[in-house]
Each structure stands twice: as structure tokens, then as C-alpha cells.
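Reading through the C-alpha cells given below for one structure.
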Amino acid sequence: MDTSRKIIHIDMDAFYASVEQRDHPEFRGKPLIIGGDPNKRGVVSTCSYEARKYGVHSAMPTRQAAKLCPNGIFIHGNMAHYVEVSSQIREIFSRYTDVIEPLSLDEAYLDVTENKKGMKSATMVARDIQQTIYRELGLTASAGVSFNKFIAKIASDFKKPAGITVVAPEEAEAFLEQIPVTKFYGVGKVTAEKLHRLGIETGADLKKWSEWDLIRELHKHGYQLYRHVRGRSNNIVNPHRDRKSVGKETTFEFNVLDNRILEQSLMKFAKKVEERLIKLQKHGKTVVLKLRYSDFTTITKRLTLNEYTNDANQIYQAAALLLRESYKGQDSIRLIGLTVTNLKPVYFENLRLEGL
């Protein structure tokens, strides 16, 4: 395991909301929710820390957010402006290193093992980046510093907002033992429920399990979690990373025959995919449906649209059509997935935040 790399994960604090509060003094100190009209369909894209005190969080339906935070200020936001500010942040990163792997508009990995400032301490680099962003742009960022990307990303969320957390190689396992497993990469709702049933709540609980037992219970996720909790993970920051597809899938706790449940899953996936595509500034043209039957037979069906889209409803309609054509209730479904491929960048003037 290579522990010589110096990797920083920078995560802007409540990015969209913070930009709006910076630009609009009337929003400062108030619960601001980026998500449009709470009386219409939509989900929260992000919200200010004032709104989070009421329990509002990203991906929550805006109607629910309005109930939790009746005094909240709801706005649609301005994606083109967020893209512009994101490019300003990226320019600041480039003053320190060219080895930058963007994850979305508001977060990125930086390898500063060899940096342009000649700083030997990655902690100093991270702090300098935070101060520069605040001084020049009036925004705060949190940073995680470690020897691999997995730990750096977890660490950046540890002391939000405007915090910095450093995890040295010799501290990694002890640090990970205290972390809830829901914070581990790849642990979604289904995996989290399985871990909970197994009595695994923290990294320390996870570490008690053998590699074989985790693989038996969780398959490939078990192998990944076994490595992650021991600090073994990818430490290569890839500046040429380019997503070829965006998707979501789930394995049902019990095999499913009901088309309504399958369609509900596709709608949830479509909303998640829409959110991710907008963050990546991309839209796609091909929708792919994946079905795995109870006998583990797997099929994929695809539909290429007439135009590029990042709209959840259009994505769902295409996936639902594929489902109706492919599945006649002949056997129960173990897994369902939805992916959008054939991606390309969205021009700034066409970026949409409608319903988010």
C-alpha cells in the first residue's frame, strides 16, 4: 500500500446556497433552499446551513422541506452562474497543482505531492487553498488531507463548514473505525440496511468481519469494504477522468413481480440521474434498462432518444417504455438498474435546474 501520496479532497460548503447568500445580502443568515416552488414537483438540490438546522437536506422533496422549514426561502437557482464560480475555484486549484480530478461543480481531488508552491506539507496547501478561496471569492470550503482518495473524501466531511481534517497513514485505521459505515463509499440504502441487520454500524464493527464473510454476505461490496476499512484504496488522482455514463441500480431485499414497484424504482433512479447529470454539466441520449431475474439471468435494453436530455421525466418515460416491452411478469426481478449513456457537455445557456 503506497502511503507516500499527498491527496486533498476539497468540498465547497453548501455551494449553490453559499453563492446565493454571497450575492444576495437579503438571504444571509436565513434558511435558503435551492429547489424551486415547494408547491410543485421537485427536490432540494442543496440548502444553507440555516435550513439544515430544520432537518432539510439535499434530495428531499421540496414539499417536505417546506413542512420542516415553513419560513424557508425557496429559489430555483442559477446553474450557469454556479458553473462560472466553479471555474473560478478550479483556477485557484491550478495555482497549486495540475493533478486535479473534478467530481462535480463543488468538489475535487488534488494530488499535491509535488506542488507548484513548493510546500512540503499538504496541510499547509489545503489551508492556503481555503484561505485563497475565501479571500477572492467569499466562499468557504472544507478539506480532507490523507494518502488516498477514499480517506481524504471522508475527512473533508468531518469538520464542516470551513474545516480541515488530516489523516496520516499511521492514524488511518483508528480514524476509519469511528466512522459510521453509511459514510463509506458505495454504501447506499440497501447495503446500509444489510449492514445494520448484521450488526455493523461503524468501521470498528466492520473490521471484526473476515474478508470471506463480508464477500459471502455483500459480494463485491464486501471485498471493497474490507479494503476500505483498512485504508486500502485507490490513491491515483486522475485529471483526465471523464464520465461515460450515469446510472443507478438496486438489488431488492425480496424478489419483485409487481410492475408498479419496478416503475417506482425507475422514477427514483431517474431523479437521481437527473441530479447527477446537472452537477456534471452533461446530458445524454441513450437510456439503458438493466434487469436481473431471480435465476440471475441478466438482460439490458437500450433506447436512443431523438435529442439529448437531463430531464428526469424524459429519462423515466424512456426507461418505463423499455420495461413494458421487456418485462411481462414472467419471472420475479432481483435487480433493476437505469443508466444514461452517450453523454456530452451541456452548453451553459441550456443548463437547467428546473425541479431541483
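Cβ coordinates come from backbone N, Cα and C, glycine included.
In Swiss-Prot this protein carries:
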ACT_SITE  Glu107  active site
BINDING   Asp11, Asp106  Mg(2+) binding site
DOMAIN    7-188  domain 'UmuC'
SITE      Tyr16  site 'Substrate discrimination'
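Shown on the structure are the features that Swiss-Prot records.
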| residue | record | CB count, 10 Å |
| --- | --- | --- |
| Asp11 | Mg(2+) binding site | 22 |
| Tyr16 | site 'Substrate discrimination' | 27 |
| Asp106 | Mg(2+) binding site | 23 |
| Glu107 | active site | 20 |
Distance from Asp106 (Mg(2+) binding site) back to Tyr16 (site 'Substrate discrimination'), taken between C-alpha atoms, in Å: 9
DSSP three-state assignment (helix, strand or coil) for the residue listed as 'active site': strand
Pairwise CA distance, Asp11 (Mg(2+) binding site) versus the residue listed as 'active site', rounded so that it is a whole Å: 4
